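So the structure is just underneath, and the comments pick up after that.
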There are 2 protein chains.
Amino acid sequence: MGLSIGVVGATGAVGRKMIEILKERNLPVDSLRAFASQRSAGEKLDFKGQEITVELLTEEVMKDKFDYLLFSAGGGVSEKYAPIAAAAGNIVIDNSSQWRMTEGIPLVVPEVNPHTLKGYKGIIANPNCSTIQMMVALAPLHRRYGIKKIVVATYQAVSGSGHKAIVELESQLKDEAYPNQVYPKRIAGNCIPHIDVFNENGFTKEELKMVYETQKILEDNTIVVNATTVRIPVVYGHSESIYLEFKEAPQVAEVKQILENAPGVVVVDAPETNGYPTPLEIANTDDTYVGRIRKDLFDPTALSLWVVADNLRKGAATNAVQIIEVMEGMK
Amino acid sequence: MGLSIGVVGATGAVGRKMIEILKERNLPVDSLRAFASQRSAGEKLDFKGQEITVELLTEEVMKDKFDYLLFSAGGGVSEKYAPIAAAAGNIVIDNSSQWRMTEGIPLVVPEVNPHTLKGYKGIIANPNCSTIQMMVALAPLHRRYGIKKIVVATYQAVSGSGHKAIVELESQLKDEAYPNQVYPKRIAGNCIPHIDVFNENGFTKEELKMVYETQKILEDNTIVVNATTVRIPVVYGHSESIYLEFKEAPQVAEVKQILENAPGVVVVDAPETNGYPTPLEIANTDDTYVGRIRKDLFDPTALSLWVVADNLRKGAATNAVQIIEVMEGMK
């Protein structure tokens, strides 16, 4: 009667987080299977007191029956195996960027566009971590005032680059000589305006994801987005400085009210008592936190915000598990 | 025949850096006197092999004859003592925010508005660290294309809060239990969108400095600035993600050429070889570094930049010493 779920890339930072969140939430999971490459197959994982042996990912096992397959093993694995699993009738929720911009594939933030899941079977894309938290905060404001322009600068945690990057930061903080392996430059005591690869237009792929995923999720190609994505020496939690221009002038009191009532949003905005979110304070939670809400000094249609969320949870694993919850709720 | 210079606040992070830079540069300093409060008076400093005893700051000593007095002891000290020194015929270069917005007081970035120093005597204001580096990079572009709007998000080093903040960051990195004394929240492994105090309009004073100092330095009150200033766990070097809208559409090749020829600017912009500036790489230098130069994807008049400089040097001490150099060059 319960759900059968498979996790592909189960031993990575996000895969492990997916299993952790499946444990925490109230989903009735009857069967959990874990898949990984040759390197990790055979490892043991715990799921609610049960020992799970990580299986080797093959085309054959993807044809087995699952209610949901959660993928987080990189674009190449998703490109190859997700269509096989979907062709076998499985619902795939893919955390890579592989299918996000493909027409017909829903790109889903459950608080924002759950309607795209209605009656859908096949591959579903989980958006980029930086995009998800921005969408949770901005979608309710877009509905009320109509967003024309977004200028965003990010402050991104190293856990977004996987477990190795956490080791790199922590090792460099202890040891001056520890080499740069994950990042092109030393991340300890530094900040690096370079996430994912550079495109010819001078933007990084991470920045372009924030542009085009936003347009797709908000279903509005007239929204203009300018992003600068930056890695900083924080372990968990991405922060975003967001400047917005709307069609209609927003009022701060109403903006706060809208956000306080918005699903998945927690407003932390009391400057007089240092009330604003920081990544260290909100790590290991599932909400998106918004503070520093203020009108621009010159343009009555412009507003600034500071948005923080746990990049491995809401920015990846939690969002994927919430997609299952929404689909189960629609049955 | 050489210069007599006094440094007020000589034992602070910026005061020490001022003395260091006076040593490095080719200024013919004959006499250096150092002043501080009761707490630090009597301390010994080295200046070119000569031992300097820090003198107690009093109204009387400010009436002595100096060619230049460099102040970096906080707004209260500048408010009280700078007018006394100026009334006695001394030129005061003040690093606090006390006099920056006062009409008739030049607010000077030597590469940008040296003309305001012509024939001037009295108090001269050194701009805010974040403003200085932004002005060095943007003024030449403003002259060519006319800036309409600036949206900036900063990544600021803890040394901007003085020596105690460096100790706080380094201690917290080693010791989970080390308390927050300088900052309202833990800075190690975190980022804090709160620099200086909050204004009623929701912006911090640091953010408002970037707005109004920019307008004053560029002598154009029609320039619209929206700033978010954020402290990150970096020791030396502020970084800035800057989005610009111009009156006239810029071309990237020309922008690079303008910046390469601009005084005090070093262009580091070769994404294919990880060529972009980071604070760790440029710390302890005097230039302002610009990278990530790219046109907006949608608005032909918009451009993004990444600007990094050493906040204690170009952002404070070097800029002040360069003001002396410009004034000496005008004689």
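Note: Cβ is positioned from N, Cα and C throughout, glycine not excepted.
B:N311 is the only one of B:N284, B:N311 that TrEMBL places in the NADP(+) site (with B:T11, B:G12, B:A13, B:V14, B:R39, B:S40, B:S159, B:G160). Put simply, the two farthest-apart Cα atoms among B:T11, B:G12, B:A13, B:V14, B:R39, B:S40, B:S159, B:G160, B:N311, the recorded binders of NADP(+), are 26 Å from each other. Secondary structure at B:R39 (NADP(+) binding site), taken from DSSP and collapsed to helix, strand or coil, is coil.
For B:R39 (NADP(+) binding site), the Cβ neighbour count at a 10 Å cut-off comes to 9, with all displayed protein chains included.
The recorded positions considered are B:R100, B:R231, B:H238; of these, B:R100 has the fewest other C-beta atoms within 10 angstroms of its C-beta. According to its DSSP assignment, B:Q156 (substrate binding site) is in a strand. Applying DSSP to the domain 'Semialdehyde dehydrogenase NAD-binding' (B:4-120) sorts its residues as follows: 33 helix, 32 strand, 52 coil.
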